[in-house]
Amino acid sequence: MGRRYFGTDGIRGKVGDAPITPDFVLRLGYAAGKVLASAPGRAASGARPTVLIGKDTRVSGYMLEAALEAGFSAAGVDVMLAGPMPTPGVAYLTRALRLSAGVVISASHNPYHDNGIKFFSADGNKLPDEIEAEIEAWLDKPLDCAASDGLGKARRLDDAAGRYIEFCKSTFPAAFDLRGMKLVVDCAHGAAYQVAPHVFHELGADVIPIGVAPNGFNINDGVGATAPDALMRAVRANHADLGIALDGDADRLLVVDHTGRLYNGDELLYVLVKDRIATNGQVEGAVGTLMTNFAVEVALKEAGVQFVRAAVGDRYVLEQLRERGWQLGAEGSGHILSLDRHSTGDGIVSALLVLAALKRSGKTLAQMLEGVTLFPQKLINVRMKPGADWKGSEAIRRAIDSAEQALSGSGRVLIRASGTEPVLRVMVEARQATDANRHAEAIADAVKQATA
């Protein structure tokens, strides 16, 4: 059964345009509620399902929360409201409170005018494709509201923030604290604005918070992981030891060192793997994506660590980790997974893992990454006619083969079609930027000529 609305990270779009409308979200809540109520063992036990709803700081979150709550209530499902809460916080609380499911109202790193809905199962994992398909099937059925005595009830979870703060702190080694460290924490005017500064402060750090004044319209606007320049300036201006950049729903992390240098998810993955090797003796493998920088793959293999590339998207990184029984994976954008700490990517927990690695090693980030220099990447988006057969073009194949032969193990070529528009993405990595640029442009020219 296919899916019409769910993508790789829930349902997302511009508020007011289908499907991110109040009427659709109400029906979505009802449909999800009916699926939860019919889950194996649920009907037999007679227990009423309970879901947790969290959101980020977008002005539309209040409207969509009310619609979602109404839909669940109509399906006979109880609701707990967490208020503004990072996506990984909802995943944790759903699992810790033994709830039926968790729901996050957020569009993550997107601008304020977008929003979305994503679900977590009772164990804090994203819903399987087949459950999302079941929910979509219920969207086509009439909304048959429960009788008055069967309506779901709603209440606020008053201690949600405190519970999540304590969970985050519990992932940091008891032998360490952050006393003597000055940290700039950028919360992107998003879901972590109330919790992230407290986590680091309660562990002893001198915290300088930025991006903690949400007004409903400024989430991710010039701050956070998608706009790290503000953090880089703040770290230098305040002579801080480290800067921590989260995105709107706090499932991503980028880090800035004391010099103002930015470190992405690829580099942080390498740091965490090296820390695990130092503490545990070995790491069997790690997972990146098709976009992970080639230099990180080379460095991990030199350290004796297997490296696997998943499709782009933390959902696919998670799938590969589970399939292999590994713990560490990441995307360059800052989604970092450490499955022995959390079931999903968590920007705050990932920052604590990095800080623990620095404490254990006594090194700076630059020192831990010594010898690992990211390869320059050249990305060219080539527009094509819809349906153009670029895979069957001999000219494109020759251009790709020529680049791969020239790079000969010192770089790589990645060609992939966009899933949302008629664009072919041509990416080349090489040790020298001039080589990456030259080969990418040659392939892009071949694509343009072959698909004109």
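Positions of Cβ are set from backbone N, Cα and C atoms, glycine also.
According to Swiss-Prot, the feature phosphoserine maps to SER108, an assignment based on sequence analysis. Look at SER108 (phosphoserine): DSSP puts it in coil.
Here Swiss-Prot flags SER108, ASP247, ASP249, ASP251 as Mg(2+) binding site. Under a cutoff of 8 A between CB atoms, and with a sequence separation of 6+ in the same chain, the neighbours of SER108 (phosphoserine) are ASP9, ARG12, THR87, GLY116, ASP247, GLY248, ASP249, ASP251, ARG252.
Per Swiss-Prot, the feature active site, phosphoserine intermediate maps to SER108.
Other than SER108, ASP247, ASP249, ASP251, the residues of this chain whose Cβ falls within 8 Å of the Cβ centroid of the Mg(2+) site are, in sequence order, ASP56, PRO86, THR87, SER106, HIS109, GLY190, ALA191, LEU246, GLY248, ALA250, ARG252, GLY347.
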